[in-house]
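Here the structure comes first, spelled out in structure tokens, and everything after it is commentary.
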Amino acid sequence: MNIYVIMKRTFDTEEKIVIENGKISEEGVEFIINPYDEYAIEEAIQLRDDHGGEVTVVSIGDEDVEKELRTALAMGADKAVLINNEDLDESDQYTTTALLAAYFEDKEYDIILGGNVSNDNSTGQVGPRLAEKLGIAYVTTITKLDIDGTTATMERDVEGDMEIVEAQLPLLVTAQQGLNEPRYPSLPGIMKAKKKPLEEIDYDDLDVEDDEIEAKTETIERYLPPKKEAGKVLEGELGDQVEELVKLLRQEAKVI
Amino acid sequence: MAKKVLVFAEARDNELRNVSFEAIGAGKEIAAGGEVIAVVVGENVSSLTDPLFHYGADRVIKVEDQKLKNYTSDGYGQAFLQIVDSVDPDAILMPHTSIGKDLAPRLASKLDAGLVSDATGIELDGEEVIFTRPIYSGKAFEKKKVKEGIILATIRPNNIDALEIDESRSGEVFEESVNIKDLRTIVKEVVRKSTSGVDLSEAKVIVAGGRGVKSEEGFEPLQELADLLGAAVGASRGACDADYCDYSLQIGQTGKVVTPDLYIACGISGAIQHLAGMSNSKVIVAINKDPEASIFSVADYGIVGDLFEVVPLLTEEFKKVLQTN
Ligand SMILES: Cc1cc2nc3c(=O)[nH]c(=O)nc-3n(C[C@H](O)[C@H](O)[C@H](O)COP(=O)(O)OP(=O)(O)OC[C@H]3O[C@@H](n4cnc5c(N)ncnc54)[C@H](O)[C@@H]3O)c2cc1C
Ligand SMILES: Cc1cc2nc3c(=O)[nH]c(=O)nc-3n(C[C@H](O)[C@H](O)[C@H](O)COP(=O)(O)OP(=O)(O)OC[C@H]3O[C@@H](n4cnc5c(N)ncnc54)[C@H](O)[C@@H]3O)c2cc1C
């Protein structure tokens, strides 16, 4: 089976956000594989172990993404591809999808796995956009995946409810929490990863015209939410505190 | 200039979701005197058209087809594209719900268009429509616009006001038939896990429990308070992992993102992944026995104490004051 994972490198969830000159500062920031993409990588490895074939992890970003790609290889992926977009002046989900679509154009794939959403821009657009561009079906927010021949049966999370969905390969799916428990790279895995192929492609080398990758949206401003004033921790007898809280909620906050 | 705005009105259990009305409200603002056309699709949606007018739609299009009984991106995608073709709107709005998140990017891709996801605010700057949306799990915000061509956006529930309901409003319902070809995905079964009652992502008040609730029964006092306030019950992943409640209640980075008017966190420590789902709530109350718990740093009001004492007292107090009103 030809298995592909699309992976984004993102800020560690714990990072504080600092804005400098209208941009999110990356100074001193720890990066990780987008948490949902870890589920996608794990599922891809399990699929390969069950059905044979190869797992290729593809990411668009700058050179630093090599680190996260090596981690994916150490987890057990077979190959990695970095599409370098360092020289791009602007980009949005449209751009990212167009580049990925150009990459996949001449590839044979049975399944493409991604995360359902990134933990930074959090639009969840890239998976469905890409499937549409490639003309294949997609199923988002899956929590279970079984493949039998060319039929995939999935469970998907729909705002807490569960849907059982069936589709034929080739297919694109996006991972939701619960799909699996991503493994940690083992020491031998890390050693092996160093020798696995990591191909770097400049976005310019893909068969895509400049006007086909021009961003459709523009960010005008980025800002931090107004600092919340320290909350009021109530004091005194518990009964009095409760009485005061109800009064505050009704009269000061006016939410009840 | 006035715009023509197409709004996808979403129903759940054959009832329109509140965010559909909020999307119409958003549509009105963007239309700037132009027309707001609401589309409702499903197997049988005739009973749903009136409220769309009451909340401000100028025109309603209904699409009924057996193949639209369950949501599939293929079925809804094909139906919606045909409507877009015939209406030729300047902007398309959808709720940022499971369906909207799944469908809007497909539509945007098909139309080669820009899409602003998860908008929590809208403003007009001359001809331009500028959206506000949270990034980095609500730790920052950005203002964003679609550069040119058709504008697509999904609207986060509970953030943009619906118009005041006006039951005297009515209008013409257009029925469109669509031609839905093979569906590549088939929904075999839908398993309902979320409890009936108030929809968590749209609730105005949420009472949430964490590992501090200690058991399934521990949620009972929270449910009582919620029932009294017309609130939904939510949970941290801690509580879900410990099997005190179903994962459908989980709020946070990997659960639901909620922005109610009032969020009451009981026995929740306030991990960053939990805050990611609720920190933009308008008012947050924390009840926790540990004064150092990080939930207090985002709370507007806090009570340090045992939730099993505090929550029932709170219910009693609300009963008292709500009765005298
Ligand atoms: C110069 C520059 C300027 C940019 N300006 C903007 C901007 O103005 N606005 C903006 O929104 N973004 C901007 N970006 C970031 C980038 O375009 C988006 O982050 C990217 O399109 C992914 O969108 P998302 O985070 O919403 O992903 P989502 O759609 O939420 O991601 C869902 C899934 O898609 C896959 N995926 C996402 N991104 C990638 C990737 N890069 N490689 C492989 N798979 C991926 C992953 O599986 C992920 O889990 C800019 C980037 C650059 C380099
Ligand atoms: C990738 C990833 C994604 C995650 N996604 C989510 C998510 O979506 N949502 C989420 O919630 N978490 C998520 N988590 C988990 C998160 O990090 C925390 O582990 C979790 O939120 C803790 O739940 P809790 O606050 O209920 O439990 P705890 O941290 O154990 O806190 C329990 C609290 O209850 C208090 N308490 C105990 N007894 C009482 C009592 N009788 N009265 C009052 N207070 C009491 C304690 O003082 C304590 O503060 C995620 C983690 C990871 C790594």
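Backbone N, Cα and C atoms are what each Cβ position is placed from, and that goes for glycine too.
Just so you know, TrEMBL annotations are computer predictions that nobody has curated.
According to TrEMBL, the protein carries these features:
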BINDING   B:ARG211, B:236-237, B:250-254, B:267-274, B:ASN288  FAD binding site
DOMAIN    B:5-195  domain 'Electron transfer flavoprotein alpha/beta-subunit N-terminal'
Checklist entry - With 8 Å as the upper Cβ-Cβ limit, not reached, which of the binding-site residues B:ARG211, B:GLN253, B:ILE268, B:ALA271, B:HIS274 neighbour chain A? => result B:GLN253
Next on the checklist: Among all protein chains shown, how many Cβ atoms are found within 10 Å of the Cβ of B:ALA271 (FAD binding site), not counting that one?
Outcome noted: 19
Checklist outcome for this item: Least crowded of the binding-site residues B:ARG211, B:HIS274, counting other Cβ atoms within 10 Å of each Cβ, is B:ARG211
Item to check | Cβ-Cβ neighbours of B:GLN253 (FAD binding site) (radius 10 Å) | outcome: 22
Checklist entry - If H, G and I count as helix, E and B as strand, and all else as coil, what does DSSP give for B:ARG211 (FAD binding site)? => result helix
Checklist outcome for this item: Within 10 A of the CB of B:GLN250 (FAD binding site), the number of other CB atoms across every chain shown is 27
Next on the checklist: Just to confirm my parser: what is the rounded mean pLDDT across the domain 'Electron transfer flavoprotein alpha/beta-subunit N-terminal' (B:5-195)?
Outcome noted: 96
Next on the checklist: Just to be sure I understand the packing, how many Cβ atoms besides its own are within 10 Å of the Cβ of B:ILE268 (FAD binding site)?
Outcome noted: 32
